[in-house]
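As recorded in TrEMBL, the features of this protein are as follows:
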- 1-27: region 'Disordered' (REGION)
- 62-79: transmembrane segment (TRANSMEM)
- Gly68, Val71, Asn75, Ser300, Asn332, Leu447, Ser451: Na(+) binding site (BINDING)
- 91-113: transmembrane segment (TRANSMEM)
- 134-162: transmembrane segment (TRANSMEM)
- 217-238: transmembrane segment (TRANSMEM)
- 250-277: transmembrane segment (TRANSMEM)
- 297-314: transmembrane segment (TRANSMEM)
- 326-347: transmembrane segment (TRANSMEM)
- 435-455: transmembrane segment (TRANSMEM)
- 476-501: transmembrane segment (TRANSMEM)
- 507-528: transmembrane segment (TRANSMEM)
- 555-577: transmembrane segment (TRANSMEM)
- 597-619: transmembrane segment (TRANSMEM)
- 644-677: region 'Disordered' (REGION)
Amino acid sequence: MAAKAEPIGPLNGHELAPLNTRADGSERPHGVTIVLQGSRSNSLQRDAPGEDRAAWSGKLQFFLSIIGYSVGLGNIWRFPYLCQQNGGGAFLIPFLIMLILEGIPLFLIEMAIGQKMRLGSLGVWNTIHPWLGGIGIASCVVTLFVALYYNVIITWVFFYLFNSIRLSADQLPWAHCPQDNGTAEAECTKASATVYYWYREALDASPSIDQPGAPRWWIVLYLLLAWIIVFFIVMKGIQSSGKVVYFTSLFPYVVLTIFFVRGITLPGSADGIIHMYKPKLNKLLDPTVWLDAATQVFYSFGLAFGSLIAFGSYNTPNNNCVRDVLLVSVCNALTAIYASVVIFSILGFKAFTMVEKCITKEIKILALHHINGFTLNSTQEYYEAHYPSVNSTVTAALNLTGCSMSKNLEEAAEGTGLAFIVFTQAILKLTPAPFWSIIFFLMLLSLGLGSQIGIMEGMLCTIFDIDFFKRFSKPVITGAVCTFCFFVGLIFTTGAGEYWLKMFDSFAGTIGLVVVALLEMVSVIYIYGHERFTNDIYEMTGYRPGWYWQVTWRYVGPFIVSCILLSSLIFMLLYPPTYGAWNAEEGRVEKTPYPDWVLAIAVAMILAGILPIPVVLLLRRFQCLALDVDIHQGSIRRIETTVSTKEMMSDQDSSDSEPSQPRTSAHYEDSSSSDDEILNAKYSTGTGIRLAMKPIGHNPNTFKMDVVD
């Protein structure tokens with residue numbers, strides 16, 4: 001007796017549930033995955049998912065793309081600062097521990113699940129369960145926010161790169177203050193030539209975020225150049241970007257090695273390296289040090305952007321993703337340590353020259369006042385031996401600060417301050433300075449483009465996996481996205497551009513990413529099932545993840561990510577965020593709180609990166625979607641689930657509502673039939689199309705509905 005089939009409404013992945021349960025409600029011994037594939041014209045296709053997916057041209061291209069994405073600007077200007085501030089060499093202990101317990105396990109989850117399903121971020125989470133589709137949307141939204149401001153950094157790099165094309169150090173525009181006997185010269189004298197050039201010439205910074213002024217035309221042009229270059233790199237996906245990664249991934253190592261060879265031969269370089277890596281073990285008792293380590297690991301890998309899932313989806317099903325994850329993780333950590341040595345060898349040399357200049361100045365002052373036997377011919381050794389005995393009242397009266405390497409090196413900087421102020425000042429001391437400036441900013445450009453390629457690939461891969469956008473070519477979609485990003489990014493070209501970038505960096509790419517990462521781990525390990533995921537990795541690589549992976553996936557990893565999330569929220573509440581506003585009259589940066597309307601925008605960005613998750617869940621749970629999004633050629637696959645999701649699945653399948661205008665209806669034999677009878681049966685649809693279930697690949701539990709010839 002044929003059972004009456006319910007009409008099939010929106011393709012939410014709910015409709016084929018009865019095929020996995022018997023008439024008496026009991027579960028079948030082996031879950032069956034049904035793939036219903038339909039085009040926009042409601043005809044059925046024979047192609048298996050991922051059959052027409054782009055693929056890497058070789059193993060080296062994939063490896064360099066991952067390296068170029070994960071090894072970014074943070075390895076150059078964030079990790080050295082954290083090492084210096086959090087115990088020097090002692091910071092490597094929590095960093096490596098967090099790398100093992102948090103970074104590598106989550107890295108493998110993203111790479112392996114993308115490779116297994118051969119889908120982008122949006123398709124992966126819809127495949128695991130339709131209710132989880134919001135994770136892919138949230139990831140895409142956060143990635144968009146980060147792409148907006150990350151390309152602005154590339155814009156500033158272009159500005160410095162083109163202004164580095166000079167014949168001598170004296171001709172570099174940040175080498176001297178302007179000689180106009182006006183306000184510009186006074187502003188520069190109060191600050192320094194490099195600081196003045198950054199805030200006045202490069203940014204033309206406004207006094208506050210409330211007074212942005214008009215877009216600066218030179219920054220607009222460089223921003224346009226940056227987006228044009230990004231467009232041409234990613235317009236055809238990995239077919240175009242895969243060729244560029246050979247340069248963007250390898251060139252930074254060439255430059256770092258050149259700087260390393262030059263740096264270790266400079267006076268003061270050893271002092272800089274020792275200052276940085278001298279362990280301060282007492283710092284390990286500070287919980288914020290461990291939090292900084294966990295946060296650095298999380299962001300250095302580029303987790304939760306969807307990019308690693310996209311990169312993994314372009315691999316062949318039998319690629320050894322476990323080996324890839326371990327190699328990239330080790331390479332990432334060693335690059336951060338190597339870059340820190342290079343940076344502080346140069347900063348040590350800078351400190352050495354600054355101390356020499358300081359000592360010469362203070363010897364002259366002490367000699368003119370005939371203090372402690374100082375003369376104009378006194379040596380540096382004499383100064384170091386006798387300066388400590390000078391009375392403190394005398395030093396205060398003469399405005400003497402004392403000159404020491406350690407004091408100079410402790411004036412730490414990170415981010416744009418390190419790249420565009422501190423390091424540019426150090427470059428002036430190298431010969432020939434324009435050469436070192438050009439290769440330094442070329443290195444930053446390569447690192448920035450490598451990461452931007454990965455960020456864009458993660459976002460565009462999600463868009464390309466939506467069936468609606470498949471009617472457009474990749475260059476068209478990519479061009480539309482880049483154009484949109486350019487016009488929104490004009491806010492960063494105003495006098496308040498750096499203030500807005502700081503706000504985006506503090507809010508847009510923090511809470512949302514951590515929430516996505518946490519839900520990724522929960523979805524794969526507890527909904528998809530850790531045993532099933534382990535078997536998937538075994539089928540793909542021949543390696544079965546052991547107790548280390550199981551413990552970190554199921555317990556340690558989610559706990560660490562939860563700690564990062566909670567601590568981030570607590571710090572935001574306890575310490576209201578501020579930005580560094582440029583005070584032209586005093587020639588210095590002042591910490592200024594964000595106005596309420598800016599904080600409202602920040603909260604809106606955070607919510608935009610989180611709300612898609614519960615919204616999609618509720619809409620699909622209660623069948624509220626009048627128009628659902630077709631994922632990956634119109635298919636959402638129903639998969640086996642673990643006991644932990646049995647209730648979730650049974651709840652969604654119990655919906656008894658019938659859409660008023662059914663798209664398709666299927667008729668099948670009594671649902672109490674055996675599995676073999678069901679799999680060999682033929683079905684008919686309300687449109688007259690006859691269907692049959694056929695296996696996909698070599699997996700005996702995964703089938704697709706196909707047209708009967």
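Cβ atoms are placed via backbone N, Cα and C, with glycine included.
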For the transmembrane segment (476-501), distant same-chain residues with Cβ under 8 A (at least six beyond the ends): 144, 147-149, 151-153, 155, 203-206, 208-216, 219-220, 223-224, 227-228, 230-231, 234-235, 416, 456, 459-460, 463-464, 469, 579-581
Under 8 Å by Cβ from Asn75 (Na(+) binding site), counting only residues of that chain that are 6 or more apart: Ser300, Asn332, Thr335, Ala336, Ala339, Leu447
Any contact, the transmembrane segment (435-455) to the transmembrane segment (62-79), with at least 3 Cβ pairs under 8 A: yes
Neighbourhood of Ser451 (Na(+) binding site) by C-beta distance under 8 A, where only residues 6 or more apart in the same chain count: Gly68, Tyr69, Gly72, Leu73, Tyr150, Gly302
Beyond the flanks of the transmembrane segment (597-619) by at least 6 residues, Cβ under 8 Å: 131-135, 137-138, 141-142, 145, 209, 503-504, 506-508, 511-513, 515-516, 519, 577, 625
Spatial neighbours of Val71 (Na(+) binding site) that are distant in sequence (at least 6 apart) but have CB under 8 A: Ser249, Pro252, Cys331, Asn332, Thr335, Leu447, Gly450
Residues within 8 Å of the Gly68, Val71, Asn75, Ser300, Asn332, Leu447, Ser451 Cβ centre (excluding the Na(+) site residues themselves): Ile67, Tyr69, Ser70, Gly72, Leu73, Gly74, Gly302, Thr335, Gly450
Contacting positions for the transmembrane segment (326-347) when only residues 6+ beyond its ends and CB under 8 Å are counted: 63, 66-67, 70-71, 75-76, 79-80, 83-84, 92, 95-96, 99, 103-104, 107, 253, 256, 259-260, 263-264, 266, 269-270, 272-273, 275-277, 300-301, 409, 418, 422-423, 426, 430
Neighbour count (Cβ, 10 Å) for Asn332 (Na(+) binding site): 23
Leading stretch by Cβ pairs under 8 Å, where the reference is the transmembrane segment (217-238) and the options are 134-162, 297-314, 507-528, 555-577: 134-162
Closest-packing stretch to the transmembrane segment (134-162), where packing means Cβ pairs under 8 Å, from 297-314, 507-528, 555-577: 507-528
For the transmembrane segment (555-577), distant same-chain residues with Cβ under 8 A (at least six beyond the ends): 98, 101-102, 105-106, 291, 294-295, 298, 503, 506-507, 510-511, 514-515, 517-518, 521-522, 525, 593-594, 599, 602
Contact set, same chain, for the transmembrane segment (507-528): CB under 8 Å, 6 or more residues outside the stretch: 106, 109-110, 113, 125, 128-129, 132, 135, 138-139, 141-142, 145-146, 149, 298-299, 303-305, 553-554, 557-558, 561-562, 564-565, 568-569, 577, 602-603, 605-606, 608-610, 613, 639, 641-642, 644-645, 648
Cβ-Cβ neighbours of Ser300 (Na(+) binding site) (radius 10 Å): 23
For Leu447 (Na(+) binding site), the number of other Cβ atoms found within 10 Å of its own Cβ: 27
